[in-house]
Each structure stands twice: as structure tokens, then as C-alpha cells.
Ligand SMILES: Cc1cc2nc3c(=O)[nH]c(=O)nc-3n(C[C@H](O)[C@H](O)[C@H](O)COP(=O)(O)O)c2cc1C
């Protein structure tokens, strides 16, 4: 068994074991990938304050997210096509999250359906939706989420149109994969992946196929997005969806103070400061640099979470120190899943937990709730988007 010391170890294994088109799908950002790079790069501008001779016994990473207990302030972000990274991927990731004691968010664009995941887990998970033109389908999605006892709906607001990722176009990304000669030649080298896929029936968009009317090509994300997503979405419509669901609600994809204030005005339970992992508006600021001013503006009214660029427990600690109530990881757990299935997601969570716990100790903090800007050395202008670091 390979030694897994850090997320990068999982990433290397992942790249060896997963077909190129799905690796490219995960690794890519939109256009020039400037925002993708900034998400990880800006964490490095923040340095940690080393403290000594502080009682560091009895540390705790436990917290709550929207009133739900969690072993650490890290949730699994919605990742579309997770079930193409590894057979039955959503079920495996949800089970790993459940055993570890952190929230799992199922994407609307998952391979395993809401019902599949509910059947194979015992803890309520969160369900992420995009807002679609088909009102009837949206209502039925919320009904299905209620029947599956989902604990929260996450509405993603930053993808009404799809940011272009060049490699997905070149690869002809679809689920199930289109078997061109090039794709087939690559898939043949991924034996474990192929055997897994042969052994499952779940190979298409489980929440959509057979449920959405008149969708002619749910195999291709770009075609589906162009057809089904509602470009007229505005804040009134978001409020209608809030009322239609009636339960705990999280708004994802907030990167601007004015939008954060509008989201908080709707009385939602949490917002996620996010730029979709650098996959939508290329050129947008990194999430970590936008976090402080959003926390300042609405942190007393709504839980402020963040995602984008988290690859270690140190990154989690930095986000918490800048005021995030919790963080979400996308690629970090997906690497684990493609590398080693459910066990790999567990490893990813263990790695991040251990790094968070040890880093807290070395910073002289015993509880995640005690972290604050005092634990960091923050470069001047970090929270000012007009300053180039
Ligand atoms: C391959 C991939 C697929 C994604 N699919 C979705 C999705 O279906 N819905 C959504 O709201 N966000 C989606 N995201 C964005 C993630 O939820 C999250 O915002 C992002 O991955 C965080 O950045 P990180 O990967 O650096 O942790 C996706 C991200 C990746 C990498």
C-alpha cells in the first residue's frame, strides 16, 4: 500500500488510475486558469504565527455547520460526475464523509442519484442544485430531496452559463464517456477503473436521466447547461426557490460583498464564498482574498463558509483564522476517490484533519473556534483586491 502523507500523494495515484478525460475535467479551470492558480497561490501569501509554551493539550477540531455536528470544519463540496472518477463514486464519497463525521454534498450532476445515495448512507447529506428553467423538475427535485431526508439544499449561483474549459472540449467530455479511438486507447490502460465501471449500472446522470422532460443530451454537460439552465435567474427567483424548499438553505458561489449582503438579506443559513474552484469566471479574485471583507459585511448574520484551493489542513486553518465558519473541499477528496475509492476519501480527510490538528498545536490554539487573524501574518493589502501581492 502506498504511503499517503499528503493530498499530493493521492493526486499522483489518482492521475495514474483515472482516464485522462476525467482527470482533465477535475484539474482544469476556465480559460487561462488565472483564478484556479490564484485560489491555491493566495493561501501561500498568508503565513502562520508560531507560538510556544502554550498548553496545547485536549485540542478539538469539532464544530457545527448550519447547526449540524461535524468532526472538523470541512465539508465535501458538490463535484459533478464523481461517479465517473470511480464506479459508484458518490456513494463511496458519501459513506467516507459519514464515517468521518463531516457533511457530504451531492451534486445535481452526479452519476448516482439522490435515492441511490440515500439508500447507501444513514446520515442526511446535503443536495446541491443549479436553477433550471423547468419549474416542475425543480419542484420534483426538492420533493425527492425531502423524501431522501436531505439536511440542506445548496443552490449554486455562479453557473448559469458554463465557463469554458478547453480540455473538456478537446476530450468531448460526456457521461458515459464517448468511445473515440483516443479515449478508448487511454481507458484501456486504466484496468481497475474499467473493471469498476463494468461492474456498475450507474454510468449516466442519475438525477436527470429519466426525470427531466425534453432534455435531449444529458450526456454532455455543455449541451445540457445551454438547454436547461435558467439565464434569467435573479434574487427574486432565489427567494422563490428558498420558499419552495422551506428547509435549511446554503447559497454557493458568492464572491462579492454586495451579493453577500443580498444573500444574507434572504435569511439563508450559510453562504459559501466560492468561484467554483476557478472553473467559471476566469480573472475573478481567489476565494481566500475575498473572504475577509465578506465576513466583515455579513459574518454576524449568516454563517460564512469558503471553498477554493484547499489542499491541506494548514489551508483550512488559514481560512478559519480569516473568519470562515467552515470550509469545503472539491478536488482534494476527488483525488482520494479516484486513487483508492472510499478508502481514498477517508485518507484525504485524515490527512487534512491531522494537518489541521498539528498546525493548531504549533500555533498555540486548542480549539478551532479560538482561531483568528492573530494566528496569521497577513501581508498588507491582502484583503484589498486592487493590491497585487
Ligand atoms: C470536477 C469538478 C466538478 C464540480 N462540479 C460542481 C457541481 O456539480 N456543482 C457545484 O456547485 N460545484 C461544482 N464544483 C465546484 C466545487 O463544488 C467547489 O466549489 C470547488 O471544487 C472548490 O475548489 P477546490 O477544488 O480547489 O477545492 C466542481 C468542481 C470540480 C473540480
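In case you wondered, yes, glycine gets a Cβ from its N, Cα and C as well.
Among the features that TrEMBL reports, active site, proton acceptor is placed at 276. The Cβ of residue 276 (active site, proton acceptor) lies under 8 Å from the Cβ of 156, 158, 159, 163, 253, each on the same chain and at least six residues away in sequence.
Feature annotation from TrEMBL assigns FMN binding site to 78-80, 107, 128, 130, 156, 252, 274, 307-311, 330-331. On its own chain, residue 308 (FMN binding site) has 39, 273, 274, 275, 277, 278, 286, 287, 288 as residues at least 6 apart in sequence with a Cβ closer than 8 Å to its own Cβ. In the three-state DSSP reading, residue 308 (FMN binding site) counts as coil.
In the three-state DSSP classification, residue 279 (glyoxylate binding site) falls within coil. Marked as glyoxylate binding site by TrEMBL: 165, 276, 279.
What TrEMBL lists as domain 'FMN hydroxy acid dehydrogenase' is 1-381.
Taking a Cβ distance under 6 Å to any atom of ligand 1 as the criterion, the binding-site residues 80, 156, 165 reduce to 80, 156. DSSP classifies residue 128 (FMN binding site) as strand under the three-state reduction. Each of the binding-site residues 80, 330 was scored by the number of other CB atoms within 10 Å of its CB, and the largest score is that of 330.
Sitting within 8 Å of the Cβ centre of 165, 276, 279, and not among those site residues for glyoxylate, are the Cβ atoms of 28, 29, 30, 36, 159, 162, 163, 277, 278, 280.
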